[in-house]
Amino acid sequence: MPEISFQSLFLFSALFRVFLILYGEWQDAHMEVRYTDVDYFVFSDAASLMASGKSPYERSTYRYSPLIAFLLMPNSFLHQSWGKFLFSASDLLVGLLIHRILKLRGVPEKLCTYSTMVWLFNPFTFTIGTRGNCEPIVCSMILWILMCLMNDRLLQAAFWYGLVVHLRIYPIIYALPIILILDPRHFQTGKKPVLMDWSSSTLNSSSGASDSKITRSQYIWNFFTSIITWRRVTFGIISGSTFFILTGLCFYLYGWDFLHEALLYHLTRTDPRHNFSIYFYHIYIHYEREFSILEKLIAFLPQFIVQLVLIFHFALDLPFCFFLQTLAFVAFNKVITAQYFVWFFCLLPLILPWSNMKLKWKGLACISLWIGAQTHWLMWGYLLEFRGKNVFFQLWLASLLFLAANTFVIINVIHSHVYCPLFKQLQGNSSKGTKDD
């Protein structure tokens, strides 16, 4: 079988996305069911309002940063598909960054290419950008932050992290693992951090499992005993300043409408419409009464506990930690829609080279269970949405099954993963290392 080059695959995937955008225009004009995501019309309307000097929040259901509307302003005067091409370009950029990150970690070219294909040719991902959803922009920024950390570009990583949290609040979950990995054992003045090579991690996987427990406990202890280092402080100041400056500027321009719609709404959101979350049924049957702030926030407790457990076990293996955090965050979220799956799909290729899971049969079992649970949910959703059947309770049971499927996948991914810290511990670093930093 001839070897497939990454360049050929990338070119084909780019042309395929252009075709989908053009096809989407035809389908929107000739068929009752539109190809374009409803959110794209929200983005476009908000961008049109901004272009005319008005607030994007005059468009109902626009609940994003004004920067998204600003990026789509050419929709008003250039072409209505501008945003789709922008989002699809970001989608392709994600593929490039995945390939680059894997190469930096010493993964062989063939394995890099096959892993990147999981993103480039995933139906969930290539339809997101071409239908007009902004998530690929967020995904590309997260991968860029990861690459900046790998290349010791701390200021860039901090700036982009502050920006991405401003755009979409969920990446705040990555703050603690990033702070943990900015450890003096990895970063020393005058020395570049050394990445753990793929070949060494796979060759030493049998011994690495026993050593990793000691290493993790050492790092956690080191974090609490020397939490303040100049790198951690710098990252916190730069990322925090970026977030608060952008948020303050948007608040100055658009007032409480921005603060409520773009930030506070997502923290206290109670959506009675059916979605994949196990919380939707409780919200639906109690929606007529006002939920207290405590009730709205208590749903974050399971998320918070799961996040802490994953962080303190896997933070040193940063890409793997990001993936598990994101998958668990989505699975336990108060509201789950299909676009959220892209958040962890962009991180999946980064962990595949370190997985011992075989496609036959364990891999197929995980894929089949996850897709099957989702399809089962969609069946009940169809009966509710299009047939008007009162199947809210059955839909809630389907949500429980989907949560169980996500939990099954998380457990199996962890068991099949070869633990590999992102950075090697620098030689000659001891407890004195915190002084040098």
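Even glycines carry a Cβ here, placed using N, Cα and C.
Outside the transmembrane segment (6-24) by six or more residues, the chain places 35-36, 81, 84-85, 88, 91-92, 95-96, 99, 109, 112-113, 116-117, 120-121, 126-127, 129-131 with a CB less than 8 A from a CB of the stretch. What TrEMBL records for 6-24 (among others) is transmembrane segment.
Marked as transmembrane segment by TrEMBL: 158-182 (among others). Within its own chain, the transmembrane segment (158-182) is flanked in space by residues 64-65, 67-68, 137-138, 141-142, 144-145, 148-149, 219-220, 223, 229, 231-232, 234-243, 246-247, 263, 266-267, 307, 311, 314-316, 318, 321-322, 325-326, 329, 343, 422-423, which lie at least six positions past its ends and keep a Cβ under 8 Å from the stretch.
Here the transmembrane segment (233-254) has Cβ contacts under 8 Å with residues 55-57, 65-67, 154-155, 157-159, 161-163, 165-166, 175, 178-179, 182, 262-263 of the same chain, all six or more residues outside its ends. Annotation comment: TrEMBL describes 233-254 (among others) as transmembrane segment.
Annotated transmembrane segment per TrEMBL: 304-324 (among others), in sequence order.
The transmembrane segment annotation in TrEMBL covers 336-355 (among others).
Only residues 6 or more beyond the boundaries of the transmembrane segment (361-383), in the same chain, are considered here, and those with a CB under 8 A from a CB of the stretch are 274, 276, 389, 391, 394-395, 398-399, 401-402, 404-406, 408-409, 412-413, 416. Taken from TrEMBL, the feature transmembrane segment applies to 361-383 (among others).
Residues annotated as transmembrane segment in TrEMBL: 395-414 (among others). If you look at the transmembrane segment (395-414), the same-chain residues 6 or more away from its ends with a CB under 8 A from one of its CBs are 274, 276-278, 280-281, 323-324, 327-328, 330-332, 351, 355, 357, 362, 365-366, 369-370, 372-374, 376-377, 379-381, 384.
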